[in-house]
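Over in TrEMBL, the protein carries these features:
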- 18-104: domain '2Fe-2S ferredoxin-type' (DOMAIN)
- Cys56, Cys61, Cys64, Cys86: [2Fe-2S] cluster 1 binding site (BINDING)
- Cys126, Cys129, Cys162, Cys164: [2Fe-2S] cluster 2 binding site (BINDING)
- 265-450: domain 'FAD-binding PCMH-type' (DOMAIN)
- 293-300, Phe373, 383-387, Asp396, Leu440, Lys458: FAD binding site (BINDING)
- Gln804, Phe835, Arg949, Ala1116: Mo-molybdopterin binding site (BINDING)
- Glu839, Arg917, Phe951, Thr1047: substrate binding site (BINDING)
Amino acid sequence: MGSLKSEDEFEVIGEECKEPILYVNGIRRLLPDGLAHLTLLEYLRDIGLTGTKLGCGEGGCGACTVMVSYFDKKMKKCVHCAINACLAPLYSVEGMHVITVEGVGNRRHGLHPVQESLARSHGSQCGFCTPGFVMSVYALLRSSETPPSEEQIEESLAGNLCRCTGYRPIVDAFQVFAKTNDTVYTDRFSLSLQGGEFICPSTGNPCSCGSKTVSDKDASKQSMACSDKYRPLSHSDIDGSMYTDKELIFPPELLLRNLTYLNLSGSGGLKWYRPLKLQHVLELKSKHPDAKLIIGNSEVGIEMRLKRIQYKVLISVTHVPELNILSMKDDGLEIGAAVRLSELSKFFRKVTAERAAYETSSCKAFIEQIKWFAGTQIKNVASVGGNICTASPISDLNPLWMAAGAKFRIIDCKGNIRTTLAENFFLGYRKVDLASGEILLSIFLPWTRPFEYVKEFKQAHRRDDDIAIVNAGMRVHLEENGEKWVVSDASIVYGGVAPLSLFASNTKDFLIGKSWNQELLQGALKVLEKDISLKENAPGGMVEFRKSLTLSFFFKFFLWVSHQMDGNKSFTQRVPLSHLSAVQTFHRPSVIGSQDYEIRKHGTAVGAPEIHLSSRLQVTGEAEYTDDTPMPPNGLHAALVLSRKPHARILSIDDSGAKSSPGFAGLFLAKDIPGDNHIGPVIADEELFASEFVTCVGQIIGVVVADTHENAKLAAGKVHVEYEELPAILSIQDALKSNSFHPNTERCLRKGDVELFFHTGQYDKIIEGEVQVGGQEHFYLEPQGSLVWTTDGGNEVHMISSTQAPQKHQKYVSHVLNLPMSKVVCKTKRIGGGFGGKETRSAVIAAVASVPSYLLNRPVKITLDRDIDMMISGQRHSFLGKYKVGFTNDGKVLALDLEIYNNAGNSLDLSHSILERAMFHSDNVYEIPNIRIRGLVCFTNFPSHTAFRGFGGPQGMLIAENWIQRVATELKKSPEEIREINFQSEGSVLHYGQQLQHCTLARLWNELKSSCNLLKAREEVDQFNLHNRWKKRGIAMIPTKFGISFTTKFLNQAGALVQVYTDGTVLVTHGGVEMGQGLHTKVAQIAASSFNIPLSSVFISETSTDKVPNASPTAASASSDMYGAAVLDACEQIKARMEPITSRHNFSSFAELANACYMERIDLSAHGFYITPDIGFDWETGKGEPFRYFTYGAAFAEVEIDTLTGDFHTRTANIFLDLGYSLNPAIDVGQVEGAFIQGLGWVALEELKWGDAAHKWIPPGCLYTCGPGSYKIPSYE
């Protein structure tokens, strides 16, 4: 057991020696020495608690959320809070109680109401993020003395990301715990324990108040009906709020236990100290001047993990009383440097309630800024001092400390204290006024004076949990001077415009002594422009936008102060009513969603809105994903050796550093591959391991295996590659200039005669233009991963993979190992999201891991870190469209000439098929007599881009909607009018020869138009815009048509295996993969209805290449059609065999029938097969029927934008889709909502930043946005 202190320290510390312990889910665990390098997440997963997931490793996604509880002796109560386990050092929770999702509830002993509500509300799709959401809300409920408000519940979710659901069902599930909720529960959403007992939401105990049945009509409205909200059974200061009698209590031992000084170690010579007194901190700092003081580890953890910075000594100062001071004084507030941001926010709220309003202007600004600072998990651990001393140039709080006139108290190792103004503390990029022996002790924040105003500003890509693009803190003190109000003091400070928080000193000098009026405003803006200087290639880019934000913030500040002063005598600078929208604080509107669909049940299950079959496993953390699979004995972990150049010749590879690295077991390069190094889903145009040339940053050169994941990464980083750099192509424009295209990818589709049309001038107007459509990261929550092992001495290879295409894994691995496919098996139980990103690129990862596994005859697991995954696995294709459109004065489009290019990256992958689908969808829903569409696939020096939801279709449609909008602008008509007069209809012949049948577009469009009352909505928007100068609203209605089928004909086939057992249960295996889209649930519903048995009698375990061979990828929105039909085929075969027995006897149950058939030696297993009929396309003629049918959709949205900052939010969205008769309408609604939010992210929020001509501050070919810190997908808000 590790010592708590060395002998020479014992006298100094003078504290009782105890073993380091931790309680996990009520179980006491000793913490041995030597684990200081571990995070809490790594420890939990190592002891088998895999419900807590690794999504990003930087505290940005919330998948790793757990609850920690500790006894605060000062407050004499327990504190329960949610934290990110991926950032928390293991020893930081010593002496605490950690509850993971497994400790909340499970299927065997009963689900907790939080879990049950989420499962019942369809709030879990792929399920990978689900445990994190459960734990965030669970921690909130346990820590709340009374039921939380809706706003508190929503704020608790700010640190959790979901890529599947669109958040609405998650919020619905948790709002039933809010104190304002008064909806009624029915048994449809009742809480039930094993055995089907109804659990009363009011008492948490079994009762009969929810026994009322619900009609399908009522059920279809999807309202969360409940007779009461959930109320806790009890609350105590120790255990918090308890919702069931099975809640884990706070361990009594920890109540009696005093914290002790810790002196522990970790790998690589890492030392971990936990002093309990300031004097001990100063002594340690004196002894270790380079030691890092940590509290939340939200910065140091990322530096050590992601930036590979090695710190040898870490001092945890969380429990030092002198650093945790929070006190009110006559002249202001004293705030200890170790105070957590969540505690600081509570303290500020208390202060503002108790003190005079004029004194707390600074406090209010901090409350608002902290609100949007980060997710709850980060704010629960991140400290004031840590944020200050990190000195980030985009710190949200440092500009406010500076503007508010805060003073920092600094103490040295000898106990000497000095004070410095916050504005003088920041010296340069991440440099502060601290000597090596000094630490920040506390912050003094003075009260504001009468007529002194402090205001915060921040603009980020996303409001919740995002780093700022630009932020600011501003303060002004006005004094009455005769008939004028004059500036007596001011501070204007910006973040995000310089290497440090920047004090606009010239602007301050200009302001002082001047009257607060329009003349001051105009003059200050001119001075500010010169005061804040941003160079064209400034890191972070967006230079013009950032410059405009500095001016907009000051303008908003001027209006806000003027508004605050309104009503004071002699103050004449009134703010016009139309300008008030510029100063109104953003208030998060509650998300309200309603779903309306028809239920058409067929048999026992088809058509019913059943919950996802795995939902109860997912909400309890019991659902297993690839990385949750226990590592077999003798297993190794793999890490990739990647190219650091976009285009270069490999001159040499030096592995000497790797070989001496701890735990190293081997490095494997191109020369080591037993089979063929060339791979590819369509053509083999890429190398598994680069042999002579690299053609992108992130190309795989080799793979290192070692005893742990961290050791493998460490060794891979020590492989040194020498390059000879070559010219790189880094954009579609570069490719066009250099004529850089993938071979044989030119495509053309024609209808009518475009050239003749434009030549003869049969049009009133022509427009020409270009559309650049950006890419998008998949951001599935579960990273790419595979576990590969051999059996029979390497005669067979097996793998468990996170993939949409197990057959591709089987094919790639057999190819690179030179094995027959019959000796390679790939299994996939479920994956944590795919969206196309795991269709082909995942197979590369599996093939890489298979090489060392096969050659060493040892199991190898590879799980990509989020930054590596994003860098190497490809994204949605960016496109360039060049169009020429001829149309009449009425708006009828007569001709479209379109050139379309996509950025494939350095290999073809699926880019050709993606281009083809974009060309198929380039008309969207519009009847155009003359069309010519030409397409080419560009070769660039980026990682190969790949499939993504829509597969090129959305890009083609977006280009079409761009020129539709331009036609409307040209003719001064509404875009909706232009759309309507150009709609296709029943019998329309498309530009590739297919005739539309069952076209419901016009009916669907008119229903949507009626439901959202388009004319009234437009009138209301116009009125709002008339009365608001700085905020504007806009509305739009967009139609879509999407073809269903793989455009490559042979992929439209599906197989399934159905097995009936003598107890009447059915096991179904098919070739499709469950990735959250509910495929297994729908297929099971089909089997249940076919056999006329309950859905609970049907089970689907996994997808496996040794059960169903040659399966197509789960993609193209075709899987439920194809695999459902294949399963139905197998079921019908079995029923036909059963028919003679059925006709002779009357069986009381399916089990009796199955057993009777078995006794008669009837085969109860069948292989089903399905091919999509009547499809095919010939690119030689450019004609055919590539799609079996089309789905039609239309959406209406209203958006509000702040014209000063670009800040926006979607006020409302209505979506109508015609999907035929749904197999499961609840699951389909979930898919629609999730896809809408993902699409919203693509067009309005998410931005990939590569090192190219537009981002010269990024190294060429490198991806800057490679994690949730820099790449923002939509959050709940």
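Every residue gets a Cβ built from N, Cα and C, even glycine.
TrEMBL: automatically predicted annotations, no manual curation.
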Exercise. Using Leu293 (FAD binding site) as the reference point, find which of the binding-site residues Cys61, Cys64, Cys86, Cys162, Arg949 has the shortest Cα-to-Cα distance to it.
Key: Cys86
Exercise. May I ask for the distance between Cys61 ([2Fe-2S] cluster 1 binding site) and Cys126 ([2Fe-2S] cluster 2 binding site), taken between their Cα atoms and rounded to an integer number of Å?
Key: 15
Self-check item: Candidate binding-site residues Cys56, Cys86, Leu440, pick with smallest Cα gap to Glu839 (substrate binding site)
Solution: Cys56
Self-check item: Helix-strand-coil residue split for the domain '2Fe-2S ferredoxin-type' (18-104), DSSP-based
Solution: 14 helix, 29 strand, 44 coil
Quiz item: What is the nearest of the binding-site residues Cys56, Gly386, Phe835 to Cys126 ([2Fe-2S] cluster 2 binding site), using the Cα of each?
Solution: Phe835
Quiz item: If you take the centroid of the Cβ atoms of Gln804, Phe835, Arg949, Ala1116, the listed Mo-molybdopterin site, which other residues of that chain have their Cβ within 8 Å of it?
Solution: Gly834, Gly836, Gly837, Glu839, Ala947, Phe948, Phe951, Thr1114, Ala1115, Ser1117
Quiz item: Looking only at Cys56, Cys61, the binding-site residues on record, which one has the least crowded Cβ, with the fewest other Cβ atoms within 10 Å?
Solution: Cys56
Exercise. List only the single closest residue to Gly386 (FAD binding site), chosen from the binding-site residues Cys162, Cys164, Arg917, Phe951 by CA-CA distance.
Key: Cys162
Exercise. For the recorded [2Fe-2S] cluster 1 site, whose residues are Cys56, Cys61, Cys64, Cys86, find every other residue on that chain with a C-beta no more than 8 angstroms from the centre of their C-beta atoms, and list them by sequence position.
Key: Leu41, Lys53, Leu54, Gly55, Gly57, Glu58, Gly59, Gly60, Gly62, Ala63, Asn84, Gly132, Arg866, Pro1268
Quiz item: Whose Cβ lies within 8 Å of the mean position of the Cβ atoms of Cys126, Cys129, Cys162, Cys164, the [2Fe-2S] cluster 2 site, other than those residues?
Solution: Ser124, Gln125, Gly127, Phe128, Thr130, Arg163, Thr165, Leu781, Gly832, Gly833, Gly1076, Gly1234
Exercise. Out of Cys56, Cys129, Phe951, point to the one nearest Gln804 (Mo-molybdopterin binding site) in space (Cα versus Cα); all of them are binding-site residues in the record.
Key: Phe951
Exercise. List only the single closest residue to Cys162 ([2Fe-2S] cluster 2 binding site), chosen from the binding-site residues Cys64, Ser383, Leu440, Arg917 by CA-CA distance.
Key: Cys64
Self-check item: Neighbours of Glu839, Arg917, Phe951, Thr1047 excl. site residues, C-beta within 8 Å of centre, substrate
Solution: Leu910, Ser913, Ile914, Glu916, Ala947, Gly952, Gly953, Phe1046, Ala1115, Ala1116
Quiz item: Looking at the binding-site residues Cys64, Cys129, Phe835, Phe951, Ala1116, which has the shortest Cα distance to Ser383 (FAD binding site)?
Solution: Cys64
Quiz item: So which one is it: of the binding-site residues Glu299, Glu839, which has the fewest other Cβ atoms within 10 Å?
Solution: Glu299
Self-check item: Averaged pLDDT score, the domain '2Fe-2S ferredoxin-type' (18-104)
Solution: 97
Quiz prompt | Cys56 ([2Fe-2S] cluster 1 binding site) to Phe951 (substrate binding site) - Cα separation in whole Å | solution = 26
